[in-house]
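Visitor: Here's the feature list from Swiss-Prot:
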type	residues	note
BINDING	24, 81, 120, 447	(6S)-5-formyl-5,6,7,8-tetrahydrofolate binding site
DOMAIN	216-371	domain 'TrmE-type G'
BINDING	226-231, 245-251, 270-273	GTP binding site
BINDING	226, 245, 247, 250	K(+) binding site
BINDING	230, 251	Mg(2+) binding site
């Protein structure tokens, strides 16, 4: 247990006015603070209703107090909670009283960090707390809860155990190569390591889906001026987010709105019309438009249905055709119908943004093109660092397979060691202080 010598305190409820406000205290001074602010030490895990006092024994509030002795608490340390009236001044008085008695104001995520360091949860579960707080859809919240409950950690720990067990067998073969011991045969080892590789690939696919669920996708709307880009944004968001006129070049800056498709957040980005311009302001808007288009996950190339075909030459050169979706807009001005077709391996949708016709088709296509339809209900939220670690582990396993093929058993054992370390970094078994600081600094103060 990594018990800290300092005692921390923070507001654990939302900042602002509310029916109830909570101040949380954790550390070795909890009992001292309880005696001064309550007049007694509460019985563990029992709720007590009474007066709260400041450092001068003046009554400052009345509410419920809870005490959780170490190690049976969230942080693994003594924890004291004051639940009072949710006014900003009242909460500040409680915090000031705790600080005057030796506590210090907690840093962002410090309660969760202490919980991790004291072995109450692993790094994935700690991150899941933040993900639950910041979840922007029901699906994301449920997935974060699965991570908090240990689903993702169990997958990683099981895989890490398999890698370690295989490495033990391989190293034993090295240590006792001159002995007549019946170790795993070549084909059995190869089968086991390929099973590990397949499992990593499966988890990596699920984690990649979890990234989409957690972070969403950026969808840039591109096209010439007056093609109906802003109308398309308004139709997708079902709001008048963008100004729509018949004057070309109305949109001069980037406008972003968020929608949800299949429980996944999509950031829809309306951009300035792409054309050659001598107007200084419009040129800056086009520059920003190109930046958003280049960095988008999906590009909606909007063109007028009265044109024969879209002018793809106006798009930045380094976008991926697979992320491109052609939107043939204003079909209400032609004899064309709302439909989906594939032209030169690129999906094209005929829509009328003005009358919101074909928008359901577009939302479904956004789900398809982004792979969101394949999201399983059991997916857990993941972070970029998880993907990096899984990919690195997969490379090491691939190297280990190659070393096995040529009989380089010692090098194979080393690659298995690397793979295990990469996997262990996900749950925090192997983590640097800098990584921990980066992760927990994004948390709320009271978590």
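Placed from the backbone N, Cα and C atoms, the Cβ positions cover glycine too.
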Visitor: These are the binding-site residues: 24, 120, 229. Which one scores highest on other Cβ atoms within 10 Å?
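Guide: By the 10 Å Cβ neighbour count, 229 comes out on top.
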Visitor: So which one is it: of the binding-site residues 226, 230, which has the fewest other Cβ atoms within 10 Å?
Guide: 226
Visitor: Does DSSP give residue 272 (GTP binding site) helix, strand or coil?
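Guide: Coil, per DSSP.
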Visitor: Between the binding-site residues 81, 272, where is the Cβ count within 10 Å the lowest?
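Guide: It is 81 that, of the binding-site residues 81, 272, has the fewest other Cβ atoms within 10 Å.
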Visitor: Could you tell me which three-state DSSP class residue 226 (GTP binding site) falls into?
Guide: coil
Visitor: Out of 24, 81, 272, which of these binding-site residues is nearest residue 230 (Mg(2+) binding site) by C-alpha distance?
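Guide: When the Cα distances are compared, 272 comes out closest.
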Visitor: If you average the pLDDT over the domain 'TrmE-type G' (216-371), what number do you get?
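Guide: In the predicted model, the domain 'TrmE-type G' (216-371) has a mean pLDDT of 82.
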